[in-house]
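> What follows is a structure written as structure tokens; I'll ask about it next.
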Amino acid sequence: MAAAYSTVGAVNRAPLSLNGSGARASLVPSTAFFGSSLKKSAAKFPKASSGNFKIVAQEISEDQQTDKDKWKGLAYDISDDQQDITRGKGMVDTLFQAPMQSGTHYAVMSSYDYISQGLRQYNLDNNMDGFYIAPAFMDKLVVHITKNFLSLPNIKIPLILGIWGGKGQGKSFQCELVFAKMGINPIMMSAGELESGNAGEPAKLIRQRYREAADIIKKGKMCCLFINDLDAGAGRMGGTTQYTVNNQMVNATLMNIADNPTNVQLPGMYNKEENPRVPIIVTGNDFSTLYAPLIRDGRMEKFYWAPTREDRIGVCKGIFRTDNVADDDIVKLVDTFPGQSIDFFGALRARVYHDEVRKWVSEVGVDTIGKKLVNSKEGPPSFEQPKMTIDKLLGYGGMLVQEQENVKRVQLADKYMSEAALGDANNDAIKRGTFYGGQAAQQVGNVPVPEGCTDPQATNYDPTARSDDGSCVYKF
């Protein structure tokens with residue numbers, strides 16, 4: 001046992017040979033510790049000269065560099081500080097974060113991933129595509145936008161332009177054509193965004209969209225805030241609608257922005273940095289439903305849009321510009337339906353395609369429409385452009401007018417509301433005089449009101465009394 005211990009110690013004391021340096025491998029003793037079949041060989045690696053050792057970095061070859069290369073960032077700086085800060089939101093100490101998207105973590109919309117949801121971009125030229133812009137409409141809109149970007153001395157310029165008029169007269173589309181003509185990508189809002197289940201959210205959204213437009217202007221590009229159908233979201237449509245806190249906040253926010261257009265802050269975050277002035281364009285059908293101080297002349301410039309005969313003809317030429325309809329036929333079509341809105345002629349053009357759709361349905365069968373339209377390898381069907389003659393257009397126009405007259409003539413809603421769900425069953429009650437026609441009991445004069453003592457502290461208190469007759473008796 002002692003001999004084995006000394007042998008192991010001899011092995012541990014033997015010098016180790018690496019790369020041919022030091023003692024040779026043949027000096028390793030042959031002991032029983034390594035076994036009888038151990039093959040002993042010496043390493044033959046050449047020695048590396050420490051004086052001539054160099055590390056050379058190869059220059060970057062842009063041909064070999066691809067977008068899929070995960071190490072691309074080592075050669076080029078592809079980071080975005082704003083996006084990196086935003087990604088770190090919620091991952092660092094909240095002490096260094098401003099609340100409500102107002103601190104450094106709130107990235108300025110500068111890349112495609114951060115384009116505002118309300119930003120509308122146009123890819124058309126109204127001159128090339130043949131769209132018609134009414135001269136009066138364009139003059140009003142261009143002048144309002146231009147003077148809001150000018151520094152006019154000692155002049156208070158209304159920030160808001162309210163364009164109102166009848167339904168379907170092309171107010172929104174004419175605005176978009178003017179924006180495209182001027183090279184403006186507006187920040188869009190609709191009436192549906194002016195109400196929310198949370199109090200104050202629509203007012204905050206207006207301020208956010210206004211500041212987004214201000215950021216675009218700060219970068220050197222014209223922008224404006226465009227709100228569609230303001231009266232539908234913030235107006236009062238009689239007793240059938242409820243006036244909520246959000247309605248009040250929307251009106252108050254627009255009034256405040258109109259008074260201080262260069263100092264629009266988000267709730268709870270205030271700084272002294274001024275933002276660029278952003279013109280606001282709103283559309284609606286009846287601005288008398290809005291809060292009166294909002295539409296006063298110092299805050300809102302109002303423009304009533306009623307297209308003339310020339311405007312209607314010009315717009316209709318743009319509607320039928322690809323259908324090879326003669327100009328004389330368009331004039332005849334407009335004169336035949338003088339009381340209709342411009343939207344009527346767009347619906348009239350769409351009605352002409354009914355024959356083509358009906359023909360295609362008869363060919364493929366009603367039971368296979370879903371497979372052909374939604375889950376088809378061939379894709380949706382394509383139709384040849386139908387020939388639009390003046391006789392066909394006048395015929396379909398007459399059908400649309402007849403449908404409008406039926407709605408106004410029948411008025412089933414009034415019939416349902418007056419007769420409730422009982423229909424003719426109310427006739428007997430009406431004849432007997434016991435049917436109040438939906439009026440409350442307090443509104444009918446012949447309903448008796450019980451009198452008596454209504455004071456609970458009195459000894460003769462009558463809980464069924466609805467009017468005090470002065471007969472209360474008190475015990476002292």
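A Cβ is built for glycine as well, from the same backbone N, Cα and C atoms used for every other residue.
Among the features that Swiss-Prot reports, ATP binding site is placed at GLY165, GLY166, LYS167, GLY168, GLN169, GLY170, LYS171, SER172. What Swiss-Prot records for 1-56 is transit peptide.
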> An 8 Å radius from the center of the GLY165, GLY166, LYS167, GLY168, GLN169, GLY170, LYS171, SER172 Cβ atoms defines the neighbourhood of the ATP site; name the other residues of that chain inside it, in order.
THR283, ASN285, TRP305, SER341, ILE342, ASP343
> Got a sec? Which of these binding-site residues, GLY165, GLY166, GLY168, GLY170, has the most Cβ atoms within 10 Å?
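Answer returned by the neighbour count: GLY170.
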> Based on Cβ atoms within 10 Å, give me the single least packed residue among the binding-site residues GLN169, SER172.
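Candidates: the binding-site residues GLN169, SER172. Fewest Cβ atoms within 10 Å: SER172.
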> Could you tell me which of these binding-site residues, LYS167, LYS171, has the greatest number of Cβ atoms within 10 Å of its own Cβ?
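Buried the deepest by this measure is LYS171.
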> Using DSSP with the three-state reduction, classify SER172 (ATP binding site) as helix, strand or coil.
helix
